[in-house]
Structures are given as C-alpha cells and as structure tokens.
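Notes follow once the structure below has been shown.
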Amino acid sequence: MNKDRLVNQFMDMVKIDSETGYERDMADYLLKTFKEMDIEATEDDTQEKTGYGAGNILVRLKGDASKAPVYFTVHMDTVAPGKGVKPSIDGDYIISDGTTILGADDKAGIAALIEAIYTIKESNMAHGDVEIVITVGEESGLVGAKAFDTSKLNSKFGYAIDSTGTVGTVVTTAPTQSRIVVDIHGKKAHAGVAPENGISAINIAARAISQMKLGRIDPETTANIGRFEGGTATNVVTDHVHLLAEARSLDSDKMEAQSAHMKETFENAAREMGGSADVSIEVMYAALNAPDDSEVVRTAVKAIENIDRTADLISLGGGSDGNVFAGAGIGTAILGLGYENIHTTEEKMPIEELVKITELVVEIIKVQNDKEVRA
Ligand SMILES: [Zn+2]
C-alpha cells in the first residue's frame, strides 16, 4: 500500500463535483481511472431510467476462477453543499475549507477500493474475482442501487463500505422501512352556518392517530407520523388532509404488520365518520440482517482481527445501499470507515482510518482467497 497515493487519490476525487443527480464527471473519472489501471469497468444502462447524472459502474477485478468471488459497494454521489470542495490536510485529518462537505461519504470508500486494487496487483497477491458496484443517487433514496441489476453479480456476499464508526465496525442489522402516504377526504361545509353538513378530514385523521400505535412499537420496530397538512380558514370544515408516515423494523413481517395497522386505522376512522381514506404503502428498502455466524460476518471479523482491530458488530436505524443488495438475497454487511460529521461542512476524514479501511479491503479479499476452493 502506498499511503501518499491513497491520500492523493482521495483528495483528487473529492475535488470532482458529484452532488446527487450530478454524477457525470465522477463517473467519467472512475471509468478513466479503472481503464488506466487495466481493470474492467462498465457503466450500466440505468441512467435513462433514473434520470440521474450517470449509470452505476460495475468493476471486475478478475482473479482465480476456482475461488468464490466477493463484492463491495460504495456510492459516487454526495450530499450538498458539495460543489467546489477544497480539501486540505490538517494534522491527522483531511478536511474541507468549511464552506462545503468533504465527500469522504463515500469517496473514502472508493479511494480505499482503488488503492486496494493497486496493492493487490503490485504485491501479486493471490485473489479470486472481486466485484465492485459504484452507485449513483444513494443519498436520495438509494436510487442507483435499486435500479441496478443484481443478477450481474456472481458474488454470494460482500460489503457496503459506507458507515460511521471506526474501521472494525460492522453493521449487521438495519431495518426495512415503509413510506406511507395518506389522503383523508371529508366534506366541505361552512363551519358557522352549517357544520352538520360537513365531515372534517382533520377530525378523521385526529381520531385515527389517537387510536394508532406509534413511536417505539417493540425493540425492533418504530412508527411515526412525520407530516400533517391541510385546511384553510377557521370557518371552513376541512374536506382534505394529507399525511406522510413511516414504519421501520429489523423484521419485515413486523414492518408490514405495523404499516397495515396504520392503513386500517385511517380507513376505519374515515368509514366511521362518513369520509374516506386513500392510503398507499411503499417499501423503501429491505432489511439487512446478517447473522453473527453468517459467512459475510465471519469473514469480516477474521479480516478485522488480521489488521489488528477489534470487530464491533452493531445495528443501524436507517437504510443504505447495503439494504438493497441484502434485499436481493446477497449477504451484505456494512463496514465502518471512520469518516466523521458526515452531511455537514465539518465533515473530516482521519488519515489513519483511510489507511485502515484500505488494509481491511485487502485483507477481506485475502481471507476469502485463503478459503477452500468452492464446491
Ligand atoms: Zn454514504
């Protein structure tokens, strides 16, 4: 591993603007970089479908075909303000100038993968196939990953490199989430002259919500009404309100049951009061649930020990690209890479963690290669 090259690679990439939806320059840079490294990298055809700045990039490092492949995923988009990032080194950290984010989320992961490939090639390390998916649109609803055709992957398991926590952190569980859109319809009337002719959509929604289980449902499940809007003036019985809600659970059956409970409660209250409720439930992403004894977790733990760190298996409260791949049946865990204060202009990247995440990627590929030849 060449630490200076790694740091320079990272600094070069954060200077390329790639706010979500505007990934073109970053995608072109990556395609060019892998081409110069003589590594197969192709952009998929999802750009038309997503309307984002580019398609996802699939990178294949060819290795010993008798060994089982492993995959990694990272994302090339960043949150705003991410234009004109001016990185600099401040002691043990790489920082922005304070007017923008840094973009370590997730370009530190991309830099680690590129340096890991250099390291493997230069040391002639034995390895099986390594597949890398670099997505667009992660920050706005996992758009690229959702559009990606996972049948292109031969790997049965792998890692998203995109979590807070120092290197050694492994996210093994993250919830599935639904987005619930509710429109309650009542009947408009003059509130002073003839309120009895009206049906208040506000009152229907209020009754439903008061009867609903919300907040912490059980240790694995949560639910929330996040938005409630409607109505005009005090003298009008409101005929329409619009609500946005969500349910999350580490257990998809529980998430579905909670979402169904919320839908039914709105529908029942509307029916009882003479109105109607249109409730749609969309599953935003699947749960990520890698058991401690699964291959994806065991391989990570062994590799973490080999780089002299301690594995810390944790649960997250939100979803990421890893959830999408897990939902497609590819065993996935999310690796912490030590970035700090992400999604803020205080974002910074400890150089030591950048080095350690690179070592971890190399080590995972090594541990995977050292396993028995696949059946
Ligand atoms: Zn991220």
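Keep in mind that glycine also has a Cβ here, set from the backbone N, Cα and C atoms.
For D105, E139, the entry in TrEMBL reads Zn(2+) 2 binding site. If you look up TrEMBL, you'll see D105, D162 marked as Zn(2+) 1 binding site. Marked as active site, proton acceptor by TrEMBL: E138. What TrEMBL lists as domain 'Peptidase M20 dimerisation' is 181-272.
Structure with TrEMBL features highlighted.
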residue : record                       : DSSP (3 states)
D105    : Zn(2+) 2 binding site        : helix
E138    : active site, proton acceptor : helix
D162    : Zn(2+) 1 binding site        : strand
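Per-residue confidence over the domain 'Peptidase M20 dimerisation' (181-272) averages 97 (mean pLDDT, predicted model). Here the Cα atom of D162 (Zn(2+) 1 binding site) is found 10 Å from that of E138 (active site, proton acceptor). Selection of the binding-site residues D105, E139, D162 by a Cβ distance under 6 Å from ligand 1 yields, in sequence order, D105, D162. Long-range C-beta contacts of E139 (Zn(2+) 2 binding site), restricted to its own chain and to partners at least six residues apart, with a cutoff below 8 Å, comprise T20, H75, D77, T78, V79. Separation of the C-alpha atoms of D105 (Zn(2+) 2 binding site) and E138 (active site, proton acceptor): 10 Å, rounded to the nearest whole number. Comparing the recorded positions E138, D162 on other C-beta atoms within 10 angstroms of each C-beta gives the minimum for D162. When other Cβ atoms within 10 Å of the Cβ of D105 (Zn(2+) 2 binding site) are tallied across all protein chains shown, the result is 27.
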